[in-house]
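Have a look at the structure below before the remarks.
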Amino acid sequence: MVLVMDYSFNFFLLALTLITFNLLNTGATEVTYDGKALKIDGERKIIISGSIHYPRSTPEMWPDLIKKSKEGGLNAIETYVFWNAHEPLYRQNEMKNFTNVIVDMVKQAKLFAPQGGPIILAQIENEYGNIISSYGEEGKSYINWCANFAESLNVGVPWIMFKTWGGHDPHRSAEDLAFSVARFYQYGGTLQNYYMYHGGTNFGRTSGVEKVITNGDVNTFDYGRMMSTTVFSYNGTRVCFFGNGNNQDNITFNFEGKSYTVPSWSVTTKTTTLVKNLPPEAQTRLHYNFEWKWRAESLNYINTHGNSSSPLKGVTYTNKLIDQNLVTNDTSDYLWYMTSVNIDEKNPIWGKEVTLQANTSCHVLHAYFNGEYIGSQWVKNGQYYFVFEKIVKLKLGTNKIALLSATVGLQNYGAFIDRTPTGILGPVKLIAPNNVENDLSTNEWAYKVGLDGMVRELGSVTNKGKKRYKWRGNIPVNQMFVWYKTNFRTPAGNDSVVLDLYGLGKGTTWVNGHNIGRYWPSFISDENGCTSTCDYRGAYTDSKCMTNCGKSSQRWYHVPRSFLNQEDNTLVLFEEIGGNPNLAKEIIVVMDYSFQKILCALTIITFYLLNTYATEVTYDGRALKINGERKIIISGSIHYPRSTPEMWPDLIKKSKEGGLNAIETYVFWNAHEPLYRQNEMKNFTTVIADMVKQEQLFASEGGPIILAQIENEYGNVISSYGNDGKSYINWCANFAESISIGVPWIMYKDWGGQDPHRTAEDLAFAVGRFFQYGGTLQNYYMYHGGTNFGRVAGGPYITTSYDYDAPLDEYGNLNQPKWGHLKNLHSLIMSMEKVLTYGEANNTDYGRMMSSTVFSYNGTRVCFFGNANNQDDITINFEGRSYAVPSWSVSVLPDCVTEVYNTAKVTTQTTIMVKELPAEAKPRLHYDFEWKWRAEQFEHLKSHGNSSNPLNGVTYANKLIDQKLVTNDTSDYLWYLTNVDIDENDPIRGEQVSLQVNCTCHVLHVFFNGKHIGSQWVKNGQYSFVFERDAKLKQGTNIISLLSVTVGLQNYGAFFDKTANGILGPVKLVAPNSVEKDLSSNEWGYKVGLKGVDKGLENVDIEEKKHKWYPNIPINRMFVWYKTNFKTPKGKDAVVLDLYGSGKGMAWVNGRDIGRYWPSFISNENGCSSSCDYRGAYYASKCLTNCGKSSQRWYHVPRSFLNEEDNNTLVLFEECGGNPKLASVQIVTMK
């Protein structure tokens, strides 16, 4: 094969490539080449080269790198002469001058081979072939110029332009890389370069083989199926290559009378693991003791930035937006864009809530308005353009806008890279809701390059004026634009040193004044694309066999030992977006990926720790590690707002008895922020994190919390958000991906739905299968579902019960046989923890979905037999014994001889939940409530005023508004009220018209001229409907009153915050002759909530005299309040309210909101069966129960809500009509 000299090159940044050869003499060397190989002093040579870039390591590291490269079989090193390293300021040198300078330096030092030096090849360009077409004829001219210019330099060695790609994020296995290299030599290659070379592949090379390959005759034979042989012959010596390019099959063939088997695309090697640890002298502390100081970055110019008439020092001004590169000349990542806008009372956008819109080509943008931080945004997934939008509040007079654009490395490859826009190029606008715009792009803009702290050299050890720049103690965490400083001792030994910046956000770091570089450990890589195994066979692509999915893009940062002092060192961080330096540590070069910081529906997993000392929690590719020891975690979800504090001890006790050693819970944003937008996400997260730290609840502080999750269930919706969504990643999902975690799901229930049911056998199978295949962290969602008290049930249409058919039922009782069957499995798994977490696993596939797995560790073996066939029981022979494994089950043999557990064989006794009257009420066979009642008041049905003559509590607008925006989620109920005036000349006067309401309500009740004309609600998940009823118009004013009711707002899914709610129209009156009157732009009145709630009718201590209740209750009447008293049932059994006979509404006990009720909503009668075949993949509509019955009839009343004495108050608001006389208070027992 002829080595093709690829004349493709690019002068941007990397101008000159040199290859040095391991020459054995110091005399002048002639380097030439023919069509077969490079020739050193006339003799063909095989060159095995590796790329090592000198600026990316330190001079102190070079001897060791070269030594290991030579030991690895290389005989040449390839490196770039880095233009940016020799020309730090843009346009300081032209290319011709730069190349001349470098070549003259090399000649002067006598480094070229003809001068006795090691350089055998020089390359004038690199990677230009990919972009040459973009430049047309000019590109071709540039190539010729490079070639002619290179020749004119007369360096005495061949000039080449070649390229071999490698990857830094993707993973290419040793087998695949060795195959491609060997294949290259099989087909006559003689010059191989590894881009990049970091050691690890052992290639032997003898001079005899080299002679045959470079000078011999070549004969190639094709056996088909991608199998071939190549024979090199020279002076009676032969060398043979057998190449199997088939990416599926091993192939056996006959060569010269002998049989050879060549594996598909294969090689055998020994592997090593990269380990990062605290230095031995620090390990006894389980953490790293940094004593931090801090000072804030000065942001004075966000309030005052001067102008061209009165300029500030270091600030320049111009009446346009300028590319960041042109202003900074790449001297800093940071550039402030600042302007002012004057607002007077005549300005069309004055008094309105306006949007600041900035169209940017920034990498990162931080925005301030009138000195207040309003938000940040950054590039995601390679889309280097975005539009920043935030609502701002204008003030009369001068409003200051300050935008900080930050680059994260300028583009260094591609066509026209010097023309790639960076920074804020506009337009920048203020936009009012009525679409009036104020374009600020041609304002006078002020430009301030860099950070004040960098000007003051805060990163330097000896920054000038130490006393002048005071550092403080008691550092803030998670605060933007903060400088941190500390000292640390140099780790003993010669191991590489890295800075672990876990917990930090984004910024720059210095060690002893050396700039270590930008850091951004909070930027999480895409969670998709990685697999637990790598099938390296077949053509390599950069997305093949990827690793590190869903983890920090870079957490560890190299600190060369030459940067360190012998003893004490200074570390300085500039934190740009907020982080916690207390979590950083200096460590030596186990994959120790600790957990992330906190947020949103923040998830926390607590572990039953046996000590109260600080605990280190890390994990490797196999399991979580507690104080360095791998552990199996069997966790269950219990959500604290869905049970009461009085229930928590018993729930935890039963969970522990059930074999759990951890509890997972959310920190509920809605529980801590009952009013929408009361706290921003950042504030909420900070508050929660600080609370947890203050109580020392993290394991590192001696507490029980071992994991924290910043997001939940985002993977299902991430694609809907495009590039923005990909960077907003659920840490827990990423973690699960990295260790092959599978979470069994037991489904919740909604109004009108049947009860999902997942059998004990099926759930145990999923868990057993998970541990068979190496799982070590199992969480049950839910282990105890509990109750959605009050209005917190979302969905929409999620019931008050959150039972989930979980091992512990809604009331905290054992759900048998599920709880007991899983308990037995948990106990068995935990007894084998050491073998499962440290043992070697060997899998055997018997076909028909039958497999066995043997874990072996220190002479102990554990066996799993898994039958995933959903039809057939299968008998296998294992080590001379016969074992029958039922379909869809896993057998566990802790000694690989005796089956101790099978997931399909349930030995736990089944219990039945019984809801019954308390014993003291049973003789009566019913429950004697003495009810009182009063009607919900509807003054606004007769008159609701208008904007000129408003009613108390009613607001007005000339349009239909989304219900969420009006209620701010303070009530399920919103009245939409309007009038329509009909005179004698109106074309629809005297007609029997149809009132037509296009609605995204959950429930709609309609009144016309004070009379109820109909109701309608969502069915089968269709959250949009058209209500139509006949209405009789009268001459004069006709009053339309529409009550829209939500039944839980959407709380999950893509753009769920933008889901429409309420009546968004159109609302029309339609005559039989199709004449329409559209009322959508009428003046509408809005009344939030119920009058009874405003008066506090649900409260126990309400004054009866002020709000009178009446006896002789009506039944089956809408909008009625009912009230009664009852005694507390004796004993400790769970208490429920049986609302059989009621319609829809809300219930309170002793003033506590029990939640929404809707027992009249009957579930679909189809889908249930008398028997359940659980085998096969589980899905939500499998093994359904409760078909054709009330969606939810019983409502949990925690005993902590009840008075110890007999007197309890029950209040119902009945919305749709029912009979409260059929209701009762019952207890729940398990029999």
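Every residue gets a Cβ built from N, Cα and C, even glycine.
Caution: TrEMBL annotation is automatic and unverified by curators.
TrEMBL annotations:
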- 1-28: signal peptide (SIGNAL)
- 38-89: domain 'Glycoside hydrolase 35 catalytic' (DOMAIN)
- 161-227: domain 'Glycoside hydrolase 35 catalytic' (DOMAIN)
- 482-569: domain 'Beta-galactosidase galactose-binding' (DOMAIN)
- 624-675: domain 'Glycoside hydrolase 35 catalytic' (DOMAIN)
- 748-827: domain 'Glycoside hydrolase 35 catalytic' (DOMAIN)
- 852-906: domain 'Beta-galactosidase beta-sandwich' (DOMAIN)
- 1120-1207: domain 'Beta-galactosidase galactose-binding' (DOMAIN)
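Contact check: the domain 'Beta-galactosidase galactose-binding' (1120-1207) against the domain 'Glycoside hydrolase 35 catalytic' (624-675) gives at least three Cβ pairs closer than 8 Å, residues 6 or more apart, which meets the contact criterion. Per-residue pLDDT, averaged across the domain 'Beta-galactosidase galactose-binding' (1120-1207), gives 82. Residue counts for the domain 'Glycoside hydrolase 35 catalytic' (624-675) by DSSP state, with H, G and I taken as helix and E and B as strand, are 17 helix, 18 strand, 17 coil. Here the domain 'Beta-galactosidase beta-sandwich' (852-906) is broken down by DSSP into helix, strand and coil counts: 0 helix, 31 strand, 24 coil.
Residue counts of the domain 'Beta-galactosidase galactose-binding' (1120-1207) by helix, strand and coil are 3 helix, 32 strand, 53 coil (DSSP-based). Mapped onto DSSP helix, strand and coil, the domain 'Beta-galactosidase galactose-binding' (482-569) counts 3 helix, 33 strand, 52 coil.
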